[in-house]
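Copied over from Swiss-Prot:
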- 177: N-linked glycosylation site (CARBOHYD)
- 222: N-linked glycosylation site (CARBOHYD)
- 245: N-linked glycosylation site (CARBOHYD)
- 256: N-linked glycosylation site (CARBOHYD)
- 274: N-linked glycosylation site (CARBOHYD)
- 454: N-linked glycosylation site (CARBOHYD)
- 483: N-linked glycosylation site (CARBOHYD)
- 490: N-linked glycosylation site (CARBOHYD)
- 505: N-linked glycosylation site (CARBOHYD)
- 552: N-linked glycosylation site (CARBOHYD)
- 566: N-linked glycosylation site (CARBOHYD)
- 1-54: topological domain 'Extracellular' (TOPO_DOM)
- 76-137: topological domain 'Cytoplasmic' (TOPO_DOM)
- 159-320: topological domain 'Extracellular' (TOPO_DOM)
- 342-397: topological domain 'Cytoplasmic' (TOPO_DOM)
- 419-603: topological domain 'Extracellular' (TOPO_DOM)
- 625-740: topological domain 'Cytoplasmic' (TOPO_DOM)
- 55-75: transmembrane segment (TRANSMEM)
- 138-158: transmembrane segment (TRANSMEM)
- 321-341: transmembrane segment (TRANSMEM)
- 398-418: transmembrane segment (TRANSMEM)
- 604-624: transmembrane segment (TRANSMEM)
């Protein structure tokens, strides 16, 4: 194709299309033959570049970023593996130290246990001595109170009765003795008088009788009277009562006997307690000392290696999946893009006819042809409005937000978010494997705790055996005598009751006082003695000692509690350092890598979001600009508005020819091609269809039309269809779009 110098000098951006016209003066564009050369790309040429469409390139960039992230994650995991193995070695050393801790702690615990036992035995000795002494004096006091009370009552009853009886007998005897003597004296006097008179009478009788040779005896009653005068009660009448009064028991013998009998077992028990617990020393050599432990769970353990190998396999698998998916997606993106190019090519060919038709706004035509999809989107959105001004503003806002630069920013942000999504999916897959490592580390901790529990249980069993043997020895050697003493005390009380009963039986047996005295004895003493015997029986049944035994988890309870699920603070684990957020140093390494990758993804997401916000800001600029002019009414010519361009009649095809004025071309080729027409220039068509002549266009009007800013061009100069009247007051062309 030949380009004239004059054509380029007059309108250098357009080639001399009229050079191919059979009649250069006609001014119509003649299509080139299908197999001819064209300065623009044809369909095949366009399809040859489908593989470098923006979506394929963006997907490939996403793939590259994901591959870089996977490589970085793999490198970080390699570093984490080394750190984890190092941490495992540290944990192994710490676990060995903890497992050996019973060896070191047992010595102090054994000393503490032995000292506690010695202090307990010393306190037991003091308590026993005080208790035995207190019980001894208490028993003696109670018995003394009992028999002295009984003695007082007995003395009051018996001695009082005897004293009364003896007094009565003495007074009766004295009264009888004095009365009998007086009666004898009186009788003696009377008898003496009678005897004197009678003897005188007998003397007379004897005088008479002597005459007859006989005599009468005299009366002599003096001896009988003397006997009556000397009559008195025998002194032995109250000797029995005096003997009974003097023979009342004072229970001194019972008191001495009882105290001797009661104190004997108590003193024996005190002696035995002093001999058994005089200076008690616990044999510390009997308590065991566990041996040291050496734990090995890093060497020959596939826990950490298998975890990181699985993570590496996961990353490699994810890399392959992303490569396959993104490459397939990038390849498949070529199919719709090829179809889009075909449709774009067809649309360009169809819309290129607008150049030959009545085109009042050539820049709009060029925009529609060059940006078919964004222009179609704008036309679709504008079809919702009936006002041509608002239609243009809507199209302008969409065109402003869909410029190549704006779409590049949007695609870049979307690609960044897609890359972050792929990295996030990869990170989530890695995070799901962290519990597996925690399980492996938990197995390490369980090994340490199991070793501690075994050592603690073995030590506790041996120590408890020693403590149990000591408790048995104390029960036999100390509390055995307590049992013996309670039995002896019960026997002593029985002896006391029997002895007292024997004394009462010997004293009052067969008398009227025996039964009442025995009832009083049973009420005052017998019931109390029975209560004491019950208490002694209870002491006999419960007199034993049981020292508390050591629990089996003495050395392992704290370690087991630190790794249990009930622990609220993960840093309490013995595998973690102070301030660690995870339960152990091994998983801390992996968590640190995951947090690092997560921070990187978060940063990239923020950057991608900011890029998308930049596009949103650009779109908002266009929307705000359109809204600013949306409600502004059209300016009339008198208010500074432009003049209305007259519309001309169309031809039978419905379009007005736009003549392309050509300039002469001095260059000819070997085929003697006709001189090309000058560069095309848009002109307003006349009312006739055939004639086409050049109509000068104002430079100011040309500049207004070329700017393309909303509100800066003549809205009435838009494309018009069929030359019909604008029923809606708009000269905006309808591109086969139904307005609603």
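Placement of Cβ uses the backbone N, Cα and C atoms for every residue, glycine included.
Ranked by Cα separation from residue 490 (N-linked glycosylation site), the glycosylation sites 274, 454, 552 are led by 274. Where the transmembrane segment (604-624) meets the stretches 55-75, 138-158, 321-341, 398-418, the count of C-beta pairs under 8 angstroms peaks at 398-418.
Under DSSP, the residues of the topological domain 'Cytoplasmic' (76-137) split into helix, strand and coil as follows: 61 helix, 0 strand, 1 coil. The Cβ of residue 274 (N-linked glycosylation site) has 13 other Cβ atoms within 10 Å, all protein chains considered.
Around the Cβ of residue 490 (N-linked glycosylation site), the number of neighbouring Cβ atoms within 10 Å comes to 17. For residue 483 (N-linked glycosylation site), the same-chain residues lying six or more positions away in sequence with a CB closer than 8 A to its CB are 540, 543. Counting same-chain residues at least six beyond the ends of the transmembrane segment (55-75), those with a Cβ under 8 angstroms from any Cβ of the stretch are 312, 315-316, 318-319, 322-323, 326-327, 329-331, 333-334, 337, 411-412, 414-415, 418-419, 422-423, 426-427, 430, 593, 597, 600. Sequence-distant neighbours of residue 552 (N-linked glycosylation site) (same chain, six or more apart, CB under 8 Å from its CB) are 453, 456, 457, 460, 461, listed in sequence order. Here the glycosylation sites are 256, 454, 505; the one with the fewest Cβ atoms within 10 Å of its Cβ is 256. The Cα atom of residue 505 (N-linked glycosylation site) lies nearest to that of 256, taking the glycosylation sites 256, 274, 454 as the candidates. Separation of the C-alpha atoms of residue 454 (N-linked glycosylation site) and residue 274 (N-linked glycosylation site): 41 Å, rounded to the nearest whole number.
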